[in-house]
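S.K.: The structure follows.
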Amino acid sequence: MALRAYRHEWRLPFRLARRQLGDSVHGPPLNDLAGNWRKAKEFFTKPALSYGEFKQQCVSLRLFAFGGVCGACALSLVIFPPKSSYWVTWGPSYWFSHVQRCFGSAPPLFLSKKLETTVSAPKVASAPKVEQLRSESSAAPAVSPKAAAVPAKPRVLFVLGGPGAGKGTQCAKICEHFPQWQHISAGDCLRAERQDPNSKDGELINTCLKEGKIVPVQITVRLLQKAMVAGQKEGKTDFLIDGFPRNLDNVNGWEEVIGDSANVMGVLFFEAAQSEMEKRLLGRSETSGRVDDNLESIRKRFATYEKETRPIVEKYRDKEMVFSVDAMQSIESVWSHTLAKLRQVESIAKFGQ
Ligand SMILES: Nc1ncnc2c1ncn2[C@@H]1O[C@H](COP(=O)(O)OP(=O)(O)OP(=O)(O)O)[C@@H](O)[C@H]1O
Ligand SMILES: Nc1ccn([C@H]2C[C@H](O)[C@@H](COP(=O)(O)O)O2)c(=O)n1
């Protein structure tokens with residue numbers, strides 16, 4: 001007896017739902033879709049003769065209206081996915097690759113062996129601004145048929161964060177693991193240029209470095225352009241532009257000189273507390289030989305960073321282009337966060353921003 005009562009317990013929700021219709025209504029139960037569909041159609045085709053009948057038509061119609069609205073919302077999320085990086089990482093299209101990864105059969109997100117000559121010279125040359133990029137180089141690389149499959153535009157990820165946040169350290173790890181990436185540090189380019197006795201900009205760069213000030217973009221962007229061209233000749237397709245853009249002048253200079261000839265995928269942003277960054281830089285000063293790794297210059301660099309660079313990060317954040325990494329942890333832990341963010345960048349690039 002008790003068992004029989006228990007067996008019927010699952011019907012309780014349906015009984016409760018039906019009670020709301022009032023005892024006078026004897027329509028199809030909620031799980032009778034065909035019956036409800038008939039009643040829902042009657043809403044449009046048959047005038048109700050009683051309040052009870054009208055209520056039943058509404059209830060049946062509501063069932064399909066609810067299903068339709070939910071289905072349309074789900075479909076629109078698939079057809080027009082939100083651009084948010086959270087959606088890309090946690091949305092249903094990513095569930096499949098999560099599961100695939102568990103079985104080790106997912107295709108690698110990044111290339112795992114060294115690229116051969118992969119620059120598509122004809123495509124690169126056809127874009128006017130890339131022509132500018134190429135004009136910096138003397139000899140064009142030989143083009144193999146395979147090269148035609150590679151996207152013409154170099155992909156760029158700006159890398160920002162306070163002085164000593166660990167940008168260079170993590171960029172080096174990315175390049176170590178993924179051979180299509182090249183690390184180009186704006187600061188390194190400027191330091192190398194300063195050493196060149198033939199450079200007319202050496203003195204100006206030197207003063208800016210010591211004072212923690214930002215060098216005029218005309219100088220910096222030319223050096224970045226030159227480094228990218230050299231990287232392309234070696235088959236690099238993806239560039240980590242470290243320490244750039246540092247201010248509005250940098251942003252505008254990039255737009256003018258590089259503009260559409262490169263695909264900027266976002267900003268990889270390393271976040272750390274000033275006290276930690278100061279400690280790291282003072283540690284680095286023992287071996288780096290950098291003129292700006294001393295307490296006075298470090299503090300000036302922090303001030304410049306807060307005043308000029310942070311607002312730039314916020315600008316990119318407003319455009320949902322910032323991939324933040326908590327840089328306060330150990331190098332290895334920061335690396336695992338960096339990898340996760342790179343995957344997001346890659347997914348967003350794949351599904352189109
Ligand atoms: N997560 C970390 N934990 C502890 N030390 C770190 C970490 N990451 C980097 N470092 C050390 O901190 C110092 C600064 O790192 P790095 O040169 O990568 O910083 P950066 O952001 O590129 O600095 P800058 O902007 O001045 O070029 C280095 O000595 C590096 O070994
Ligand atoms: N876009 C840039 C990048 C760097 N500099 C100058 C000023 C910085 O203090 C210095 C060192 O840079 P880091 O190696 O710490 O990234 O280089 C600049 O003027 N403009």
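Even glycines carry a Cβ here, placed using N, Cα and C.
Here the structure is a predicted model, which means the values were calculated and not measured.
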S.K.: Among Q195, Q218, Q329, which residue does TrEMBL annotate as binding ATP together with G164, A165, G166, K167, G168, T169, R284?
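M.R.: The candidate from Q195, Q218, Q329 that TrEMBL ties to ATP along with G164, A165, G166, K167, G168, T169, R284 is Q329.
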S.K.: Could you look at R222, R290 and say which one TrEMBL places alongside R191, K213, I214, V215, G243, F244, P245, R246, R301 in the ribonucleoside 5'-phosphate site?
M.R.: R290
S.K.: Measure the Cβ-based neighbour count of G243 (ribonucleoside 5'-phosphate binding site), defined as the other Cβ atoms within 10 Å of its Cβ.
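M.R.: Around G243 (ribonucleoside 5'-phosphate binding site), other Cβ atoms within 10 Å: 24.
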S.K.: Quick one: of the binding-site residues K167, R191, R290, flag those whose CB is under 6 Å from ligand 2, and say none if nothing qualifies.
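M.R.: Checking each Cβ against ligand 2, none of them comes under 6 Å.
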S.K.: Using a 10 Å cut-off on Cβ-Cβ distances across all protein chains shown, tell me which of the binding-site residues (T169, N250, Q329) has the largest neighbour count.
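M.R.: For the binding-site residues T169, N250, Q329, the Cβ with the most other Cβ atoms within 10 Å is N250.
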S.K.: Can you check what DSSP calls N250 (CMP binding site), collapsed to helix, strand or coil?
M.R.: helix
S.K.: Which residues of the chain, 6 or more past the ends of the region 'NMPbind' (185-215), have a CB below 8 A from one of its CBs?
M.R.: 167-168, 171, 223-224, 227, 241-244, 246-247, 249-250, 290-292, 297-304, 308
S.K.: Name the secondary structure element type, per DSSP in three states, that contains G243 (ribonucleoside 5'-phosphate binding site).
M.R.: coil
